[in-house]
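Chemist: Got these off TrEMBL a minute ago, pasting:
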type	residues	note
TRANSMEM	26-49	transmembrane segment
DOMAIN	41-289	domain 'G-protein coupled receptors family 1 profile'
TRANSMEM	61-82	transmembrane segment
TRANSMEM	102-121	transmembrane segment
TRANSMEM	142-162	transmembrane segment
TRANSMEM	200-225	transmembrane segment
TRANSMEM	237-261	transmembrane segment
TRANSMEM	273-291	transmembrane segment
Amino acid sequence: MDLVNHTRTQSFLLAGFTTTGALRPLAFLGTLCIYLLTLAGNLCIIVLVQADPRLCTPMYFFISVLSFLELWYVSTTAPTLLHTLLHGRSPISPTVCLVQLYVFHSLGMTECFLLGVMALDRYLAICRPLHYQALMSRQVQLRLAGATWVAGFSAALVPASLTATLPFCLKEVAHYFCDLAPLMRLACVDTGWHNGLHGAVIGVATGCNFVLILGLYGGILRAVLKLPSAASRAKAFSTCSSHITVVVLFYASAFTVYVGSPGSRPEGTDKRIALVYALLTPFLNPIIYTLRNKEVKEAMKRVRVRIRTMLKEA
C-alpha cells in the first residue's frame, strides 16, 4: 500500500477485485445484469403493491418499504463495484468515501430494524388476529416504517463520525467500497477502541433486533402449533417463510463481517462476503417474495391483464 501524509489524504484507492483478461468484461457484465435485475425486481414489487388493492395490507406495505430500501442499498455500492471491475484500482475522494460509508451503514441498520418490524407484523397477524387491524393501522405502519429509517441513520452516525476523525497513513482500501474494517487498516493510530465501539454499536443494534425476531417467531411457532388443522398451520407458516429466508441471508452474512475482530480474518475475505449482503441479497429478495408467494404472483397476473386491457383500449 502507498504511504501518504496522514489527515491530508488527497484520495483513497479502491482495490476492488483482481480480474484480468477476458474475466474482466465478463465480471462487469454479470454484475451489471444482477444490478439492473435488482432494480427492476424491487421496482416491480413497489409498483405491484401500489397498483393492486388486494396487496394493500400491512405485510405488503412493509415488503414495499424493504424493496424501496434495497434500491438505495444496492445503488450505494454497485457503481463503485462496476467501476473497479472495469478500470481496476479506482480513486475516490475521502469525502465521497466517508459519505458512502455512512449511507451504506445507515441503510444496512435500517434494514435490520425493518426486518424486526416485519417480524412484529407477522406476530400480530398470527397471534392477535382479532386486534390486528386496530394494532397495525395505516398510521401505525407509517410510524413504524419512519422509525426504522430514523433509528438506522442515527445509529450509523457513531461509526461513521469516529472513522472520519482518524488520521490515515495509507490510501489503498482493500475493498470495492468504503467499509469500516478496510478503512481501519489504513489508520496511523491504534484503532482497537474504535473497533470495540463499532462492534458494540452495530452488535447491540443488530443483536437486539435478532433476539426480538427470534422471540417473536417463538411466539408465532407456539400459536401455529395450537391451530386445529394441518392446512391452517401450513398457511400460517407460508406467510412467514419468505421473511425468515431474508432474515437468514441478511444476518448470516452481516454477522460474519461485523461481529468479531476485523484483524482476525484474512485480507480480502470481507469484500467477498460483502457481495452476499450488498449485492446478492437485494437481488434475491424480490425473487423470494414473488416465487414463493401466491398472492404476489396472482397480483402480477391481474396487473398484466389490466395493462393489456388499457393498451387495447388505447
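Cβ coordinates come from backbone N, Cα and C, glycine included.
Just so you know, TrEMBL annotations never went through curation; they're auto-generated.
Bear in mind that the values here come from a model prediction, so they are computed numbers and not experimental data.
Have a look at these and tell me how they're positioned relative to everything else.
Modeler: Here the transmembrane segment (26-49) has long-range neighbours at 17, 19, 55-56, 60-61, 63-64, 67-68, 70-71, 74-75, 78, 81-82, 85-86, 279-280, 282-283, 285-287, 289-290, 296, 299-300, 303, meaning same-chain residues at least 6 beyond its ends whose C-beta is under 8 angstroms from one of its own.
Within its own chain, the transmembrane segment (102-121) is flanked in space by residues 58-59, 62-63, 65-66, 69-70, 72-73, 76-77, 136, 144-145, 147-149, 151-153, 155-157, 159-160, 177-180, 202, 205-206, 209, 212-213, 216-217, 243, 246-247, 250, 254, 277-278, which lie at least six positions past its ends and keep a Cβ under 8 Å from the stretch.
Among residues of the same chain six or more beyond the transmembrane segment (142-162), those with a C-beta under 8 A of the stretch's C-beta atoms are 61-62, 65, 98, 101-102, 105-114, 117, 120, 180, 194, 197-198, 201-202, 205.
Here the transmembrane segment (200-225) has long-range neighbours at 105, 109, 112-113, 115-116, 119-120, 122-123, 126-127, 151, 155, 158-159, 233, 236-237, 240, 244, 247, 251, 254-255, 258-259, meaning same-chain residues at least 6 beyond its ends whose C-beta is under 8 angstroms from one of its own.
Counting residues 6+ beyond its ends, the transmembrane segment (237-261) has Cβ neighbours under 8 Å at 59, 66, 108, 111-112, 115, 118-119, 122, 125-126, 180-181, 195, 198-199, 202-203, 206, 210, 213, 217, 220, 224, 270, 273-274, 276-277, 280-281, 284-285, 288-289, 292-293 in the same chain.
Among residues of the same chain six or more beyond the transmembrane segment (273-291), those with a C-beta under 8 A of the stretch's C-beta atoms are 31, 34-35, 37-38, 41-42, 44-45, 63, 66-67, 70, 73-74, 76-78, 81, 104, 108, 175-177, 179, 242, 245-246, 249-250, 253-254, 256-257, 297, 300.
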Chemist: Mind checking which residues reach the transmembrane segment (61-82)? Cβ under 8 Å, same chain, six or more beyond either end.
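Modeler: Non-local partners: 14, 16, 28, 31-32, 35, 38-39, 41-43, 45-46, 49-50, 90, 92, 100, 103-104, 107-108, 110-111, 114-115, 117-118, 121, 141, 145, 148, 176-177, 246, 274, 278-279, 282-283, 285-286, 289.
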